[in-house]
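Per TrEMBL, these features apply:
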{"type": "DOMAIN", "residues": "3-353", "note": "domain 'RecF/RecN/SMC N-terminal'"}
{"type": "BINDING", "residues": "Gly30, Ala31, Asn32, Gly33, Ser34, Gly35, Lys36, Thr37", "note": "ATP binding site"}
Amino acid sequence: MSLSKLVIHQFRNINSANITFNNNINIIVGANGSGKTSLLEAIYFLGLGRSFRSHLTSRIVQHEHKEFTLFSEITQQDYITPIGLQKSKNGDTILKINGAISKKLANLTQYLPLQLITPESSTLLSGSPKNRRAFLDWGVFYHDPLFYHNWARIKRLLKQRNAALKQCKTYNELQVWDNELCILSNKISTQRSAYFDQLLVLIKSTLNDFLPDFDISCQFFCGWDKNNKSLADYLHDNFLRDSQLGYTTAGPQKADIRFKIAGYPVADVLSRGQLKLFVYALQLAQGLFLNSIDKKQCIFLIDDFSSELDQNKQQILAKHIADSGAQLFITVIEPDNIDRLFTQKNSVFHMEHGQITEQLEN
Ligand SMILES: Nc1ncnc2c1ncn2[C@@H]1O[C@H](COP(=O)(O)OP(=O)(O)OP(=O)(O)O)[C@@H](O)[C@H]1O
């Protein structure tokens with residue numbers, strides 16, 4: 001899958017754009033505030049139905065306009081899927097996939113498997129486990145077609161259980177939720193750990209290139225200590241504590257991936273640039289997995305490609321992206337020799353005050 005065409009209307013400072021992208025490398029060059037991140041945000045919106053910068057449509061719609069419109073063509077082998085999305089400040093949304101109205105924005109996710117890397121991405125390692133669960137679930141979602149159903153069901157169940165926790169006086173009253181919860185939790189945990197075990201091989205190999213001087217351990221935690229007791233026992237034994245807290249403290253909603261160096265969390269040991277490289281290694285491993293095992297093309301959106309990376313690391317990164325077979329969108333302020341980092345054919349776009357123009361080959 002690749003994004004072959006994008007039409008934008010009234011999205012941030014981009015009033016109107018009609019762009020045909022390269023199937024591999026797309027380099028977007030522009031000064032501060034020219035609209036580079038807005039372009040990535042528009043692509044992200046088409047991939048996930050939301051922004052990575054704001055929950056408020058009113059911030060994203062161009063000032064003095066009522067709505068933004070995005071139209072794209074997604075190419076898979078020789079088949080083109082047209083997708084159109086319009087969002088208004090008043091909350092109205094129109095999504096069309098292949099000419100038919102689609103009610104759910106979640107339907108978008110299967111078309112563009114996006115990996116976003118921004119200067120804030122190191123929160124994947126330094127932030128809460130929620131970020132690492134989202135990272136892991138992204139891969140499981142594309143790898144295992146049954147995962148989404150289990151995940152959506154358990155989210156609903158937990159919501160109901162947490163509401164019931166606040167009212168139940170005895171554990172017996174809760175058991176109606178827990179039988180299904182335990183079955184689903186074990187399924188999700190098996191799906192996640194099966195994916196993680198395979199991904200780990202790729203993570204180790206990318207980390208070896210990016211951070212060869214560190215011995216890094218990576219461990220999946222399913223959300224409860226399986227070796228100690230079953231989830232059913234945890235739910236039973238934690239009843240009093242959980243009802244005081246008003247939420248369930250054991251289960252797949254507490255899963256995490258623990259990355260450590262000499263027993264310390266990586267965020268406490270590595271520099272900012274090294275953390276960024278770590279995140280690149282993790283996301284590239286997922287891109288490689290998607291390409292080589294799931295036979296789907298990953299799309300990388302990388303904002304501010306060269307920040308905090310020396311020339312050598314930029315070269316390693318460029319090589320890995322090329323090897324992953326992904327479609328790439330990177331933004332840079334200074335073009336320098338960035339296009340020469342990539343050996344395959346690439347397209348360069350210049351961004352100025354929200355206007356995009358493609359640089360023609362000499
Ligand atoms: N709703 C909006 N309508 C019009 N312009 C907007 C809107 N939201 C943001 N902008 C403007 O869009 C411009 C582009 O911002 P963007 O973050 O895309 O730039 P950038 O090229 O990524 O900059 P940098 O290199 O500094 O990160 C900014 O000047 C911003 O003030």
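The backbone N, Cα and C atoms fix where each Cβ goes, glycine too.
Ranked by Cβ neighbours within 10 A across all protein chains shown, the binding-site residues Gly30, Ser34, Gly35, Lys36, Thr37 are led by Gly35. Taking the mean position of the Cβ atoms of Gly30, Ala31, Asn32, Gly33, Ser34, Gly35, Lys36, Thr37 as the ATP site, the remaining same-chain residues with a Cβ inside 8 Å of that point are Ser38, Thr331, Ile333, Met351. Close to ligand 1, meaning a Cβ under 6 Å from one of its atoms, are these of the binding-site residues Ala31, Asn32, Lys36: Asn32, Lys36. Listed in sequence order, Ile333, Glu352 are the same-chain residues six or more apart from Ala31 (ATP binding site) with CB atoms under 8 A from its CB. For the recorded site, Gly35 (ATP binding site), the DSSP three-state label reads coil. Counted within 10 Å of its Cβ, the other Cβ atoms near Asn32 (ATP binding site) come to 6, all protein chains included. Under 8 Å, Cβ to Cβ, and six or more positions away along its own chain, Gly33 (ATP binding site) finds Asn13.
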